[in-house]
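Take a look at the structure set out below.
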Amino acid sequence: MSTNPKPQRKTKRNTNRRPQDVKFPGGGQIVGGVYLLPRRGPRLGVRATRKTSERSQPRGRRQPIPKARRPEGRAWAQPGYPWPLYGNEGLGWAGWLLSPRGSRPSWGPTDPRRRSRNLGKVIDTLTCGFADLMGYIPLVGAPLGGAARALAHGVRVLEDSVNYATGNLPGCSFSIFLLALLSCLTIPASAYEVRNVSGVYHVTNDCSNSSIVYEAADLIMHAPGCVPCVRENNSSRCWVALTPTLAARNTSIPTTTIRRHVDLLVGAATFCSAMYVGDLCGSVFLVSQLFTFSPRRHETLQDCNCSIYPGHLSGHRMAWDMMMNWSPTTALVVSQLLRIPQTVVDMVTGAHWGVLAGLAYYSMVGNWAKVLIVMLLFAGVDGTTHVTGGATGHTTSGIASLFLPGASQKIQLINTNGSWHINRTALNCNDSLNTGFLAALFYTHKFNASGCPERLASCRSIDGFDQGWGPITYTEPGDSDQKPYCWHYAPQRCSVVSAADVCGPVYCFTPSP
């Protein structure tokens, strides 16, 4: 008799079974003994529940759940938005009308025209139509058509790259309108002016007619690297260069008129960007640059041989300008960057609401590249006479000269025949101490100023002159006590000398050819 227990038949009571999932009509369900709430929101797809009679049949292929479609139509404030007011559709019809009759066949899913929008519709339709026409040429149609198709795909890849770079880089969402603004600044600054006289070409600083951008009553906007020479009253005269791209009749002319143009331009750019039609406005602006806005008001010539910068010429300033002229575009950008602090003050005090609105809008949306472009555009018409790289370098050298130790050798002045000499070089008394601020502090005890009191004794004090009245005019020094080392010495007026009367080489501070 066996001692093993009697095997029992498994029933529903003693079988360890997993709890079944229960679904309720309201959408809730019990999964693993846990009640799940019904899913809220729109359901993208519903799988059909199999009937009891179908459970023994093989399961068919399950249909995928459809994905949410990208909304079509106006997608405002999104990269790659279509132009409103049927601009996108209108350009599509324009491309269809401009395309040849042979460009109707489709290229399949890789058709560049499927991914184009706005101006890309016209470009891709023309390139694809040209490829289709090349394919219809007998004998050589196959290779030419293939090459033209590859060219069309290359143009599409270039457009996609530009769209990605201009729409996804942070702070650099460029548009055609921004490129149009850049066209105002990136004029060919590296070109030098040439004057043709009887078949002989002369390099000059005078602006040619092709370098004149805009003319006002007292202002001329021109290409950088030249100065306008205007003929007035049967005589040619150089205008004063206020900025590298702006010249005026004289230094007292305000730049308010030009600044109002920049106000209007930046205000229009801000409005177009806020309405998301910047590409359309930029296209209109680029096309309008092909035409002349205003007639010529001044007669510009090239017989003055003007200087790029006004004022006194020092050796440091001359060397700085010659170095900066090797790269005029760099000189233009550096000159405008150095004027930005003063430009910010002028924006507020001058109530330039268009520029201020543009800066505020572009700063809020994070387009820092546009903020910089607007600042440079406004700084380009900043009215000041110290704007060239030479003036900046001269100011920097003046500040740095305060900390130069200077010469430490003993300075000995020698009076020979009424002239003062130091190492066989003529020098006046005051220039001997022009060796730096620190040198004047530490080396004055080594300076032999014997003879200077005798020379300065002939100079008069301030009470030796009569009280003047009326406007300030030039005076001609005629007295014997008017010496260059006296404080009351009045230098003679500068005269204009024609370059043809100068004996020796004429140095032109224009960009090197």
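Cβ from N, Cα, C; glycine included.
Under the heading region 'Interaction with STAT1', Swiss-Prot lists 2-23, citing similarity to another entry as support. Mean per-residue pLDDT, taken over the region 'Interaction with STAT1' (2-23), amounts to 62.
What Swiss-Prot lists as region 'Interaction with EIF2AK2/PKR' is 2-58, and the listing cites similarity to another entry.
Annotated region 'Disordered' per Swiss-Prot: 2-75, in sequence order.
Positions annotated as region 'Interaction with DDX3X' by Swiss-Prot: 2-59.
Summarising the annotation, Swiss-Prot assigns topological domain 'Cytoplasmic' to 2-168.
What Swiss-Prot lists as N-acetylserine is Ser2.
The annotation motif 'Nuclear localization signal' is assigned in Swiss-Prot to 5-13 (among others).
What Swiss-Prot records for 7-16 (among others) is compositional bias 'Basic residues'.
Residues or ranges marked as motif 'Nuclear localization signal' in Swiss-Prot (evidence: similarity to another entry): 38-43 (among others).
The annotation phosphoserine is assigned in Swiss-Prot to Ser53 (among others) on the grounds of similarity to another entry.
Feature annotation from Swiss-Prot assigns compositional bias 'Basic residues' to 58-68 (among others).
Marked as motif 'Nuclear localization signal' by Swiss-Prot: 58-64 (among others).
According to Swiss-Prot, the motif 'Nuclear localization signal' annotation covers 66-71 (among others).
For Ser99 (among others), the entry in Swiss-Prot reads phosphoserine, with the evidence type similarity to another entry.
According to Swiss-Prot, the feature region 'Important for endoplasmic reticulum and mitochondrial localization' maps to 112-152.
When secondary structure is read from DSSP and collapsed to three states, Ser116 (phosphoserine) falls in the coil class. When Cβ atoms from all protein chains are considered, those within 10 Å of Ser116 (phosphoserine) total 25, not counting its own. Look at Swiss-Prot and you will find Ser116 (among others) tagged as phosphoserine.
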Q: Quick one: pull the CA-CA distance for Asn305 (N-linked glycosylation site) versus Asn250 (N-linked glycosylation site), whole Å only.
A: 17
(Q) Please report the Cα separation of Ser116 (phosphoserine) and Asn209 (N-linked glycosylation site) in Å, rounded to an integer. (A) 41
Q.
Among Asn209, Asn234, Asn250, Asn305, the glycosylation sites in question, whose Cβ has the most other Cβ atoms within 10 Å in this structure?
A. Asn305
Q) How long is the line from the C-alpha of Asn250 (N-linked glycosylation site) to the C-alpha of Asn209 (N-linked glycosylation site), rounded to the nearest angstrom? A) 20
Q) Expressed to the nearest Å, what is the distance separating Asn234 (N-linked glycosylation site) and Asn209 (N-linked glycosylation site) at their Cα atoms? A) 19
